[in-house]
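Q: Okay, here's the structure, questions in a sec.
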Amino acid sequence: MPAARTGTLAAVALILLCGAAVLGRPAPDDLCFADVRRTGMAPSRPLGPVLNLAASDLTSRVSVRAVDASRGCALALLDMAETVVPGGPRAADVVDVGWAYQDGDCMVPLAYRQYFNCTGGALPGQNVCAGLSETRIRGGFGTSDYALYGTSLVLRPGLYDRGTYIYFLGYGPDDIYVGSVTLMVGADIHKYPCGLDRGLGVALHHKSGPARPLTEDDATGDWACGCFPAVVEVDVVWGNVSAAELGLADPIDYADEGGEVEVLEDEAGSASGNLPQDDPDPDLADCRTVGLFSESDMFRTARGPESLLIGAVAKDVLTVPLNLPPGRSYEALRNASLECNSRPRETGDAAVVVMSLQEPARLERRPDARATDPEFGLFGLPDDPAVRRGILIGLAIALLVLLFSLVIVLVCACRLARAAKAARRARAATFAKSNPAYEPMLRV
(Lines of atoms letter the chains of each structure in order from A and count residues from 1; the text may use other names and numbers.)
(Lines give C-alpha, C1' and ligand atoms only; values in the text may rest on other atoms or scores of the structure.)
Protein backbone atom coordinates (compact mmCIF):
# COMPACT_ATOMS: atom_id res chain seq x y z
CA MET A 1 0.00 0.00 0.00
CA PRO A 2 1.56 3.34 -1.02
CA ALA A 3 -0.11 5.20 1.85
CA ALA A 4 1.07 2.67 4.44
CA ARG A 5 4.59 2.66 3.00
CA THR A 6 4.76 6.46 2.96
CA GLY A 7 3.34 6.86 6.46
CA THR A 8 5.57 4.22 8.02
CA LEU A 9 8.79 5.44 6.43
CA ALA A 10 7.89 9.05 7.20
CA ALA A 11 7.41 8.19 10.88
CA VAL A 12 10.80 6.45 11.03
CA ALA A 13 12.56 9.28 9.16
CA LEU A 14 11.07 11.99 11.36
CA ILE A 15 11.88 10.16 14.58
CA LEU A 16 15.46 9.82 13.35
CA LEU A 17 15.47 13.56 12.53
CA CYS A 18 14.47 14.30 16.12
CA GLY A 19 17.52 12.39 17.39
CA ALA A 20 15.83 9.18 18.52
CA ALA A 21 17.91 6.11 19.18
CA VAL A 22 17.25 3.17 16.87
CA LEU A 23 16.87 -0.30 18.27
CA GLY A 24 16.17 -3.47 16.39
CA ARG A 25 16.94 -6.84 17.88
CA PRO A 26 14.97 -10.06 18.01
CA ALA A 27 15.21 -12.05 21.20
CA PRO A 28 18.14 -14.49 21.37
CA ASP A 29 17.27 -17.98 20.17
CA ASP A 30 17.96 -19.38 23.65
CA LEU A 31 14.83 -17.57 24.90
CA CYS A 32 12.68 -19.56 22.46
CA PHE A 33 11.75 -22.58 24.57
CA ALA A 34 8.43 -24.13 25.53
CA ASP A 35 9.39 -26.40 28.40
CA VAL A 36 9.00 -25.47 32.06
CA ARG A 37 12.14 -23.82 33.41
CA ARG A 38 12.76 -22.35 36.82
CA THR A 39 16.36 -21.28 36.35
CA GLY A 40 18.01 -18.05 37.38
CA MET A 41 17.02 -15.83 40.27
CA ALA A 42 13.61 -16.55 41.78
CA PRO A 43 11.45 -13.77 43.25
CA SER A 44 12.78 -13.06 46.73
CA ARG A 45 9.65 -11.29 47.97
CA PRO A 46 6.13 -10.34 46.88
CA LEU A 47 5.60 -7.26 44.78
CA GLY A 48 5.46 -4.27 47.11
CA PRO A 49 3.25 -1.18 46.75
CA VAL A 50 3.45 0.05 43.17
CA LEU A 51 4.01 3.68 42.23
CA ASN A 52 0.74 5.57 41.85
CA LEU A 53 1.24 6.79 38.30
CA ALA A 54 -1.16 8.32 35.80
CA ALA A 55 -0.77 8.21 32.03
CA SER A 56 0.01 11.92 31.99
CA ASP A 57 2.79 11.38 34.56
CA LEU A 58 4.63 9.19 32.06
CA THR A 59 3.95 11.03 28.80
CA SER A 60 5.11 14.32 30.31
CA ARG A 61 8.45 12.79 31.38
CA VAL A 62 9.52 10.98 28.19
CA SER A 63 13.16 11.93 27.61
CA VAL A 64 14.41 9.14 25.33
CA ARG A 65 12.64 7.91 22.20
CA ALA A 66 13.58 4.90 20.12
CA VAL A 67 12.33 2.93 17.14
CA ASP A 68 12.18 -0.85 16.99
CA ALA A 69 11.13 -3.08 14.11
CA SER A 70 9.76 -6.61 14.00
CA ARG A 71 9.18 -8.90 11.02
CA GLY A 72 7.70 -12.33 10.65
CA CYS A 73 7.14 -14.62 13.62
CA ALA A 74 9.77 -13.07 15.86
CA LEU A 75 10.10 -13.27 19.61
CA ALA A 76 11.08 -9.66 20.21
CA LEU A 77 12.79 -7.72 22.96
CA LEU A 78 11.96 -4.07 23.53
CA ASP A 79 14.89 -2.57 25.42
CA MET A 80 15.13 0.27 27.88
CA ALA A 81 17.90 2.80 27.22
CA GLU A 82 20.49 3.30 29.96
CA THR A 83 20.61 6.97 28.97
CA VAL A 84 17.06 7.43 30.25
CA VAL A 85 18.70 8.11 33.63
CA PRO A 86 21.10 11.07 33.39
CA GLY A 87 24.53 9.74 34.29
CA GLY A 88 23.32 6.16 34.04
CA PRO A 89 21.36 3.87 36.39
CA ARG A 90 22.19 4.51 40.04
CA ALA A 91 22.64 2.34 43.09
CA ALA A 92 19.41 2.02 45.06
CA ASP A 93 17.65 -0.12 47.65
CA VAL A 94 14.54 -0.42 45.45
CA VAL A 95 14.11 0.27 41.73
CA ASP A 96 10.67 0.02 40.09
CA VAL A 97 10.49 -0.86 36.39
CA GLY A 98 7.40 -0.94 34.22
CA TRP A 99 6.07 -1.09 30.66
CA ALA A 100 2.78 0.14 29.19
CA TYR A 101 1.23 0.51 25.73
CA GLN A 102 0.02 3.98 24.78
CA ASP A 103 -3.40 4.33 23.17
CA GLY A 104 -4.14 8.04 22.89
CA ASP A 105 -4.66 9.53 26.34
CA CYS A 106 -4.79 6.17 28.13
CA MET A 107 -2.29 3.35 28.59
CA VAL A 108 -2.50 -0.42 28.89
CA PRO A 109 -0.22 -1.80 31.66
CA LEU A 110 1.95 -4.67 30.42
CA ALA A 111 4.61 -5.46 33.04
CA TYR A 112 5.86 -4.24 36.43
CA ARG A 113 8.65 -5.47 38.69
CA GLN A 114 10.82 -4.26 41.56
CA TYR A 115 14.55 -4.86 42.00
CA PHE A 116 16.31 -4.69 45.36
CA ASN A 117 19.78 -3.60 46.50
CA CYS A 118 21.09 -2.67 43.06
CA THR A 119 24.70 -1.56 42.64
CA GLY A 120 24.02 0.74 39.68
CA GLY A 121 26.18 1.30 36.61
CA ALA A 122 23.79 -0.77 34.47
CA LEU A 123 20.08 -1.38 34.10
CA PRO A 124 18.55 -3.42 36.94
CA GLY A 125 18.87 -7.16 36.49
CA GLN A 126 20.03 -10.38 38.07
CA ASN A 127 23.70 -9.40 37.67
CA VAL A 128 23.23 -5.92 39.16
CA CYS A 129 20.69 -6.42 41.94
CA ALA A 130 20.62 -8.75 44.94
CA GLY A 131 16.94 -9.62 44.56
CA LEU A 132 13.75 -9.09 42.61
CA SER A 133 10.03 -9.15 43.31
CA GLU A 134 7.21 -11.06 41.74
CA THR A 135 6.18 -9.69 38.34
CA ARG A 136 2.83 -8.17 37.49
CA ILE A 137 2.02 -8.82 33.83
CA ARG A 138 -0.85 -8.52 31.38
CA GLY A 139 -2.53 -11.87 30.87
CA GLY A 140 -5.67 -12.14 32.92
CA PHE A 141 -8.17 -14.45 31.25
CA GLY A 142 -6.08 -15.05 28.14
CA THR A 143 -2.63 -16.33 27.28
CA SER A 144 0.80 -15.27 28.49
CA ASP A 145 1.63 -12.57 25.95
CA TYR A 146 4.33 -10.66 27.85
CA ALA A 147 7.30 -11.26 30.14
CA LEU A 148 10.32 -9.35 31.42
CA TYR A 149 13.90 -10.30 30.60
CA GLY A 150 15.74 -8.06 33.03
CA THR A 151 14.15 -4.74 32.16
CA SER A 152 13.39 -5.67 28.52
CA LEU A 153 9.85 -6.51 27.44
CA VAL A 154 9.41 -9.91 25.77
CA LEU A 155 6.56 -10.36 23.28
CA ARG A 156 5.63 -12.03 20.00
CA PRO A 157 4.46 -9.05 17.91
CA GLY A 158 1.46 -9.31 15.65
CA LEU A 159 0.34 -6.70 13.14
CA TYR A 160 -1.80 -4.92 15.76
CA ASP A 161 1.03 -4.70 18.28
CA ARG A 162 2.48 -1.78 16.36
CA GLY A 163 2.47 1.51 18.27
CA THR A 164 4.22 3.26 21.14
CA TYR A 165 5.43 1.44 24.26
CA ILE A 166 6.27 3.52 27.34
CA TYR A 167 8.73 2.36 30.01
CA PHE A 168 10.05 3.85 33.22
CA LEU A 169 12.67 3.42 35.92
CA GLY A 170 11.57 4.64 39.33
CA TYR A 171 13.83 5.44 42.27
CA GLY A 172 10.95 6.91 44.28
CA PRO A 173 7.56 8.59 43.77
CA ASP A 174 9.18 11.81 42.54
CA ASP A 175 12.30 10.32 40.96
CA ILE A 176 11.06 8.71 37.75
CA TYR A 177 12.73 8.45 34.33
CA VAL A 178 10.67 7.64 31.25
CA GLY A 179 11.39 6.56 27.68
CA SER A 180 9.44 5.18 24.75
CA VAL A 181 9.87 2.65 21.95
CA THR A 182 7.80 2.95 18.78
CA LEU A 183 7.36 -0.57 17.39
CA MET A 184 6.91 -0.95 13.65
CA VAL A 185 5.60 -4.35 12.56
CA GLY A 186 6.56 -4.67 8.91
CA ALA A 187 5.19 -8.07 7.97
CA ASP A 188 2.77 -9.41 5.38
CA ILE A 189 0.13 -11.32 7.34
CA HIS A 190 -0.45 -13.61 4.34
CA LYS A 191 3.20 -14.69 4.11
CA TYR A 192 4.01 -16.02 7.57
CA PRO A 193 2.69 -19.15 9.33
CA CYS A 194 2.18 -17.78 12.85
CA GLY A 195 -1.08 -15.83 12.45
CA LEU A 196 0.20 -12.24 12.45
CA ASP A 197 -3.35 -10.87 12.16
CA ARG A 198 -3.47 -10.38 15.92
CA GLY A 199 -2.14 -8.16 18.67
CA LEU A 200 -3.01 -5.84 21.52
CA GLY A 201 -4.75 -3.43 19.15
CA VAL A 202 -7.49 -5.98 18.51
CA ALA A 203 -8.80 -5.26 22.01
CA LEU A 204 -8.30 -1.54 21.38
CA HIS A 205 -10.71 -0.92 18.48
CA HIS A 206 -9.07 -2.87 15.64
CA LYS A 207 -10.80 -5.88 14.10
CA SER A 208 -8.89 -8.70 12.51
CA GLY A 209 -9.84 -10.47 9.32
CA PRO A 210 -9.41 -14.03 8.03
CA ALA A 211 -6.03 -15.14 6.72
CA ARG A 212 -5.75 -17.25 3.60
CA PRO A 213 -3.82 -20.57 3.72
CA LEU A 214 -0.15 -20.38 2.79
CA THR A 215 0.90 -21.93 -0.49
CA GLU A 216 4.21 -23.55 -1.35
CA ASP A 217 5.13 -20.37 -3.26
CA ASP A 218 4.78 -18.42 0.00
CA ALA A 219 7.45 -20.55 1.71
CA THR A 220 10.35 -18.45 0.44
CA GLY A 221 12.67 -15.79 1.80
CA ASP A 222 12.30 -15.12 5.51
CA TRP A 223 8.90 -16.79 5.84
CA ALA A 224 10.19 -19.20 8.53
CA CYS A 225 12.25 -16.73 10.58
CA GLY A 226 11.07 -16.42 14.15
CA CYS A 227 10.47 -18.42 17.30
CA PHE A 228 9.25 -22.01 16.88
CA PRO A 229 10.30 -23.91 20.02
CA ALA A 230 10.97 -27.63 20.24
CA VAL A 231 7.75 -29.60 20.57
CA VAL A 232 6.58 -30.54 24.05
CA GLU A 233 3.27 -31.91 25.28
CA VAL A 234 2.01 -28.60 26.61
CA ASP A 235 -0.88 -30.04 28.62
CA VAL A 236 1.42 -32.54 30.33
CA VAL A 237 4.53 -30.39 30.81
CA TRP A 238 2.63 -27.32 31.95
CA GLY A 239 -0.09 -29.22 33.79
CA ASN A 240 1.54 -28.72 37.18
CA VAL A 241 2.18 -25.00 36.68
CA SER A 242 -0.46 -23.03 38.53
CA ALA A 243 -2.29 -20.03 37.12
CA ALA A 244 -0.92 -17.96 40.01
CA GLU A 245 2.66 -18.63 38.88
CA LEU A 246 1.84 -17.22 35.43
CA GLY A 247 -0.31 -14.31 36.53
CA LEU A 248 -3.43 -15.77 34.89
CA ALA A 249 -6.92 -16.15 36.25
CA ASP A 250 -7.59 -19.52 37.80
CA PRO A 251 -9.91 -21.56 35.55
CA ILE A 252 -12.37 -21.87 38.45
CA ASP A 253 -12.81 -18.08 38.31
CA TYR A 254 -14.50 -18.31 34.94
CA ALA A 255 -16.03 -21.78 35.01
CA ASP A 256 -19.69 -22.24 34.20
CA GLU A 257 -22.21 -23.52 36.71
CA GLY A 258 -21.31 -27.12 35.93
CA GLY A 259 -17.72 -26.51 36.96
CA GLU A 260 -16.39 -26.74 33.40
CA VAL A 261 -14.71 -23.98 31.50
CA GLU A 262 -16.59 -22.94 28.39
CA VAL A 263 -14.14 -21.65 25.81
CA LEU A 264 -15.49 -19.30 23.16
CA GLU A 265 -13.90 -17.65 20.16
CA ASP A 266 -13.99 -13.89 20.39
CA GLU A 267 -13.94 -11.49 17.45
CA ALA A 268 -10.17 -11.55 17.41
CA GLY A 269 -10.13 -15.35 17.11
CA SER A 270 -8.54 -15.94 20.52
CA ALA A 271 -9.85 -18.28 23.17
CA SER A 272 -11.18 -16.84 26.40
CA GLY A 273 -13.09 -18.23 29.35
CA ASN A 274 -16.74 -17.45 29.96
CA LEU A 275 -17.29 -15.59 33.23
CA PRO A 276 -20.20 -16.50 35.49
CA GLN A 277 -23.32 -14.63 34.50
CA ASP A 278 -23.59 -12.78 37.82
CA ASP A 279 -20.06 -11.35 37.51
CA PRO A 280 -19.23 -8.37 35.33
CA ASP A 281 -17.22 -9.10 32.21
CA PRO A 282 -13.54 -8.15 32.50
CA ASP A 283 -12.33 -5.03 30.75
CA LEU A 284 -10.25 -6.72 28.06
CA ALA A 285 -8.72 -3.45 26.88
CA ASP A 286 -7.80 -2.29 30.41
CA CYS A 287 -6.70 1.10 29.08
CA ARG A 288 -6.26 3.53 31.98
CA THR A 289 -5.57 7.17 32.66
CA VAL A 290 -4.88 6.76 36.40
CA GLY A 291 -3.64 3.96 38.64
CA LEU A 292 -1.68 2.50 35.75
CA PHE A 293 -0.08 -0.44 37.51
CA SER A 294 -2.67 -1.46 40.09
CA GLU A 295 -3.87 -5.05 39.83
CA SER A 296 -6.90 -5.88 37.65
CA ASP A 297 -8.53 -8.82 35.87
CA MET A 298 -6.13 -8.40 32.94
CA PHE A 299 -3.06 -7.34 34.97
CA ARG A 300 -2.20 -9.84 37.68
CA THR A 301 0.82 -10.67 39.80
CA ALA A 302 2.78 -13.74 38.66
CA ARG A 303 4.63 -15.67 41.34
CA GLY A 304 6.87 -17.61 38.97
CA PRO A 305 10.51 -16.84 38.11
CA GLU A 306 11.56 -14.94 35.01
CA SER A 307 12.48 -18.05 32.99
CA LEU A 308 9.06 -19.60 33.62
CA LEU A 309 7.26 -16.48 32.36
CA ILE A 310 9.41 -16.27 29.23
CA GLY A 311 8.71 -19.93 28.45
CA ALA A 312 4.99 -19.28 28.86
CA VAL A 313 5.14 -16.66 26.10
CA ALA A 314 7.01 -18.94 23.71
CA LYS A 315 5.01 -22.11 24.45
CA ASP A 316 1.81 -20.49 23.18
CA VAL A 317 3.23 -21.01 19.67
CA LEU A 318 2.45 -24.70 20.22
CA THR A 319 -1.14 -24.07 21.33
CA VAL A 320 -2.42 -21.96 18.42
CA PRO A 321 -3.17 -23.12 14.87
CA LEU A 322 -0.33 -22.52 12.42
CA ASN A 323 -0.94 -21.65 8.79
CA LEU A 324 1.45 -24.09 7.10
CA PRO A 325 1.65 -24.86 3.37
CA PRO A 326 0.23 -28.27 2.39
CA GLY A 327 2.56 -31.11 3.30
CA ARG A 328 4.75 -29.04 5.61
CA SER A 329 5.22 -30.30 9.17
CA TYR A 330 5.96 -28.28 12.28
CA GLU A 331 9.37 -29.93 12.58
CA ALA A 332 10.24 -28.86 9.03
CA LEU A 333 9.13 -25.34 9.89
CA ARG A 334 11.27 -25.33 13.05
CA ASN A 335 14.36 -26.51 11.13
CA ALA A 336 13.77 -23.83 8.52
CA SER A 337 13.42 -21.20 11.26
CA LEU A 338 16.74 -22.17 12.86
CA GLU A 339 18.44 -21.86 9.47
CA CYS A 340 16.72 -18.55 8.76
CA ASN A 341 17.60 -17.13 12.19
CA SER A 342 21.28 -18.01 11.70
CA ARG A 343 21.65 -15.85 8.58
CA PRO A 344 23.67 -12.67 9.04
CA ARG A 345 21.47 -9.70 9.82
CA GLU A 346 21.94 -6.15 8.69
CA THR A 347 24.09 -4.13 11.08
CA GLY A 348 24.16 -0.46 11.88
CA ASP A 349 21.41 1.37 13.67
CA ALA A 350 19.81 3.14 10.72
CA ALA A 351 20.17 0.11 8.47
CA VAL A 352 18.25 -2.12 10.85
CA VAL A 353 15.13 0.01 10.73
CA VAL A 354 15.24 1.03 7.08
CA MET A 355 16.00 -2.45 5.80
CA SER A 356 13.28 -3.95 7.97
CA LEU A 357 10.65 -1.60 6.62
CA GLN A 358 11.45 -1.28 2.92
CA GLU A 359 9.01 -4.11 2.25
CA PRO A 360 6.12 -3.28 4.59
CA ALA A 361 2.81 -5.03 4.86
CA ARG A 362 1.13 -5.37 1.48
CA LEU A 363 -2.36 -6.29 2.54
CA GLU A 364 -4.68 -7.33 -0.23
CA ARG A 365 -7.56 -5.06 -1.08
CA ARG A 366 -10.34 -7.52 -0.49
CA PRO A 367 -13.68 -6.62 1.09
CA ASP A 368 -13.29 -9.25 3.80
CA ALA A 369 -9.75 -8.15 4.68
CA ARG A 370 -10.19 -4.42 4.54
CA ALA A 371 -10.02 -4.15 8.33
CA THR A 372 -6.43 -5.45 8.34
CA ASP A 373 -5.09 -2.34 6.58
CA PRO A 374 -3.11 0.08 8.72
CA GLU A 375 -5.28 3.06 9.61
CA PHE A 376 -4.42 6.38 7.98
CA GLY A 377 -6.56 9.47 8.34
CA LEU A 378 -6.53 12.96 6.87
CA PHE A 379 -3.62 13.75 4.48
CA GLY A 380 -2.33 10.19 4.92
CA LEU A 381 -1.42 10.72 8.59
CA PRO A 382 -1.89 7.71 10.91
CA ASP A 383 -4.94 7.69 13.16
CA ASP A 384 -2.74 6.77 16.14
CA PRO A 385 -2.48 10.08 18.06
CA ALA A 386 1.02 9.36 19.35
CA VAL A 387 2.43 8.56 15.90
CA ARG A 388 0.55 11.47 14.33
CA ARG A 389 1.89 13.84 16.98
CA GLY A 390 5.44 12.61 16.35
CA ILE A 391 5.08 13.19 12.61
CA LEU A 392 3.70 16.71 13.07
CA ILE A 393 6.44 17.60 15.55
CA GLY A 394 9.04 16.27 13.11
CA LEU A 395 7.55 18.31 10.27
CA ALA A 396 7.54 21.42 12.45
CA ILE A 397 11.20 20.91 13.37
CA ALA A 398 12.11 20.32 9.72
CA LEU A 399 10.28 23.52 8.71
CA LEU A 400 12.07 25.54 11.40
CA VAL A 401 15.43 24.18 10.26
CA LEU A 402 14.56 25.12 6.66
CA LEU A 403 13.51 28.65 7.65
CA PHE A 404 16.64 29.13 9.74
CA SER A 405 18.80 28.01 6.81
CA LEU A 406 16.95 30.43 4.51
CA VAL A 407 17.58 33.32 6.93
CA ILE A 408 21.30 32.49 7.03
CA VAL A 409 21.43 32.44 3.21
CA LEU A 410 19.66 35.83 2.99
CA VAL A 411 21.98 37.42 5.58
CA CYS A 412 25.05 36.14 3.74
CA ALA A 413 23.67 37.38 0.41
CA CYS A 414 23.03 40.86 1.86
CA ARG A 415 26.55 41.05 3.27
CA LEU A 416 28.07 40.00 -0.05
CA ALA A 417 25.97 42.58 -1.92
CA ARG A 418 27.08 45.34 0.44
CA ALA A 419 30.72 44.30 0.12
CA ALA A 420 30.45 44.30 -3.68
CA LYS A 421 28.83 47.75 -3.70
CA ALA A 422 31.53 49.15 -1.41
CA ALA A 423 34.23 47.69 -3.64
CA ARG A 424 32.68 49.33 -6.72
CA ARG A 425 32.57 52.71 -4.96
CA ALA A 426 36.21 52.37 -3.90
CA ARG A 427 37.28 51.60 -7.46
CA ALA A 428 35.29 54.59 -8.79
CA ALA A 429 36.85 56.95 -6.22
CA THR A 430 40.35 55.74 -7.11
CA PHE A 431 39.66 56.23 -10.81
CA ALA A 432 38.28 59.76 -10.27
CA LYS A 433 41.36 60.83 -8.30
CA SER A 434 43.69 59.70 -11.05
CA ASN A 435 41.45 61.21 -13.76
CA PRO A 436 40.23 64.67 -12.60
CA ALA A 437 38.14 65.11 -15.76
CA TYR A 438 35.76 62.39 -14.56
CA GLU A 439 35.46 63.65 -10.97
CA PRO A 440 32.09 65.48 -11.54
CA MET A 441 30.60 62.16 -12.68
CA LEU A 442 31.44 60.44 -9.40
CA ARG A 443 28.44 59.86 -7.21
CA VAL A 444 28.90 59.10 -3.60
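Cβ from N, Cα, C; glycine included.
Per Swiss-Prot, the features are:
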SIGNAL    1-24  signal peptide
CARBOHYD  Asn117  N-linked glycosylation site
CARBOHYD  Asn240  N-linked glycosylation site
CARBOHYD  Asn335  N-linked glycosylation site
TRANSMEM  390-414  transmembrane segment
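How buried are these features, and what lies next to them?
A: Neighbour count (other Cβ atoms within 10 Å of the Cβ, all protein chains): 14 for Asn117 (N-linked glycosylation site).
Listed in sequence order, Val36 are the same-chain residues at least 6 apart in sequence whose CB falls under 8 Å from the CB of Asn240 (N-linked glycosylation site).
Using a 10 Å radius centred on the Cβ of Asn335 (N-linked glycosylation site) and all shown protein chains, the other Cβ atoms total 13.
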Q: Compute the C-alpha separation of Asn335 (N-linked glycosylation site) from Asn117 (N-linked glycosylation site), stating it in Å without decimals.
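A: Approximately 42 Å lies between the Cα of Asn335 (N-linked glycosylation site) and that of Asn117 (N-linked glycosylation site).
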Q: Can you see whether DSSP assigns Asn335 (N-linked glycosylation site) to helix, strand or coil?
A: helix
